[in-house]
Structures are given as structure tokens and as C-alpha cells.
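Enquirer: Shown below is the structure under consideration.
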Amino acid sequence: MDENKKRALAAALGQIEKQFGKGAVMRMGDHERQAIPAISTGSLGLDIALGIGGLPKGRIVEIYGPESSGKTTLTLSTIAEAQKQGATCAFVDAEHALDPDYAAKLGVNVDDLLVSQPDTGEQALEITDMLVRSNAVDVIIVDSVAALVPKAEIEGEMGDQHVGLQARLMSQALRKITGNIKNANCLVIFINQIRMKIGVMFGNPETTTGGNALKFYASVRLDIRRTGAVKESDEVIGSETRVKVVKNKVAPPFRQAEFQILYGKGIYRNGEIIDLGVQLGLLEKSGAWYSYQGSKIGQGKANAAKFLEDNPEVAAAVEKSIRDQLLAAPASARPAALADEPADADLDY
């Protein structure tokens, strides 16, 4: 850059700083770049699929899927992991359906959890904004977008038409709180439901509620689905779950993770550690026996998982090795369970 341009730029920057305050415009090379801080989801496979070890702080995340697919379980698991790091968490329960006993079973410290059950969508989003601006809350869950009913709809008659009210409410709220979320370094997770578009002949007829604004403002969008049942003898004790990362602004998208959610217990984390440990050679499997560093730890996956539960230091060591290998690995080096989805899959999402 020649001298005249340098002087002109310096004058412009000085004027901007004088008018808008120091830091209004910065040169990126003047400050050391730092990795985006993340909060674990409670699922090792999903943390790796997200590319940074969890959900990004200072960003908006959307988690959507059909009923009983594990959306609330995943968010409560995220709260439990955040609380282990000393984070303050809030749950905006617009559906009025939060079960404290179930949350406690997943490891959530319900005594320290902030809970709000707002009457209207406007109230829910205003509470969310105020919590963000306090700079004292690290994780906020909004459950769910579909339950954020505008005040005009609540006060109106049952059959009244209110076209686009919820979409306008979400658009206005997200414009307002996005900057505050970044400044507060707060993770805000919106749970959303799926609806069917009428008259779609080709492509995916599924869409999410609340208009398009959340799709744009969200840095990460997760599609969670129940793919099967986990059985013990003839009794169903959980569900097989698949999560696709359909949008990711902080790492490559279209990755997916598969794990089990056990009823009353949550995400089967030790099962993930065993599966990924075997695929990476950190654990050895010979017939039905699993071994770690030459010592047998159990016959069958359930017994091996029990060993890891009784020996958390071994589980932590294996998990750390898995994270160290996979979070720095290219896509070609990842196990099949964490493979990328085709780039053209689910474009409608």
C-alpha cells in the first residue's frame, strides 16, 4: 500500500475510533487468533462430528427432529457437561414440559439450573435476551420454537388466522440478540419441531417451524433421528440415535454420529468410547473379550462398559486419546460411524 493510502486509512480509522469507540475496527493480525471454545454435548461421537469438540460458545445452535427423537435429552446432557465445568445454565421451558427428575438422572444439577416457563413467545425471547445481556449465563436452552406463541394468538379466538406472526417474532428477536450472544460468549440452543410442507411432489417435504430466520442465524444445525430400539432380551431399554450436522459454520458440515440413548440414563457414553476405541486400536477385541493395554476388561460390550464406569480414569484416558486423534484428523481418517454425509443430502434443511 502506498503512503497516501496508508495516511488516508489511518485518518479514517482514527475518525471511526473517535466516533464509535476503541475497537470499532480492528486489524485481525494485531491479535492472536484463538480456537472457538466449545461445550461437550455428552456424546463423544457427536463432539467429534462437530469438529471442535462440542457446541460453539457465543453462537446460536438449532436442534430439530421428530417427536421422541432425543432433542431434550441431548440439550439436558449438554447442560450437565457445562455444569461440570462450572457453567451457569438456564432452561426457557416454553412447552411447560421439563421433568426435573429426568434431568437429574441425566446428571443435571437441578438445584442450580435456572428455569423459566413464560406465558408468551415475546416473554420467552425477552427473558432469553435479558439473560444473555447479563453476561452471567453460559448456556441457554429454548424449548421449543414451536411453543413460542405470539401474544396476539394467545389473546385471540381459537379459529383466528395469524399468518406469519411467529416467523416475524423470531426474525425480530434473532436480529436483536445475535450480537449480544457473541459479546457474552453464551451458547443459545433452540429446540425445534418438524412440520410437513403441503403439495411437495419432489424433494424433502419436511421443514422446521418459526420461519427461515433461525436457519440463517444458527451457526450449527443438528438433525436428530431415532433409528431403532435398544433391547435387553425382549425389553426395550433405549433407542438408537443418529445426528446429522446439516449446517456448521465453525467446521466442515455434513458429518454424522450414531449413539444410543438409554431410558432413564441418557447417552450411552461408555458404549461410544468402546466402539471408537476398538476402531482406532486403542482397545483390543478378541472374540467377545475386550482388552486395554494387554489386560482384559470384560467379556461383551456391557461388561467392558461396566469396567469403564467403575474405572473412570481409564475411560478418561481412552476418551482423551480418541479426541486427540479424531479432532485433528482429516475426513478420510475418521471411522465409518463418523463419516461425512453427501454434500447434496437434505438440501431442504
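Glycine is treated like the rest: Cβ placed from N, Cα and C.
For reference, Swiss-Prot lists these features for the protein:
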type	residues	note
BINDING	G65, P66, E67, S68, S69, G70, K71, T72	ATP binding site
Enquirer: Starting from the Cβ centroid of G65, P66, E67, S68, S69, G70, K71, T72, which together make up the recorded ATP site, report each further residue of the same chain whose Cβ lies within 8 Å of that point, ordered by sequence.
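Expert: Result: I224, R226.
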Enquirer: Fewest other CB within 10 angstroms, which one of the binding-site residues G65, P66, G70?
Expert: P66
Enquirer: Around S69 (ATP binding site), how many other CB atoms lie within 10 A of its CB?
Expert: 22
Enquirer: Taking only same-chain residues 6+ apart in sequence, whose CB is under 8 Å from that of S68 (ATP binding site), what do you get?
Expert: R226, S239
Enquirer: Give me the long-range Cβ neighbours of E67 (ATP binding site): same chain, 6+ apart, Cβ under 8 Å, in sequence order.
Expert: Q193
Enquirer: Please list, in sequence order, the residues in the chain of K71 (ATP binding site) that are at least six apart in sequence and whose C-beta is under 8 Å away from its C-beta.
Expert: I63, Y64, G65, D143, S144, I191, I224
Enquirer: If one looks at the chain holding T72 (ATP binding site), which residues at least 6 apart in sequence have a CB under 8 angstroms from its CB?
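Expert: Residues satisfying the criterion: L98, D143, I191.
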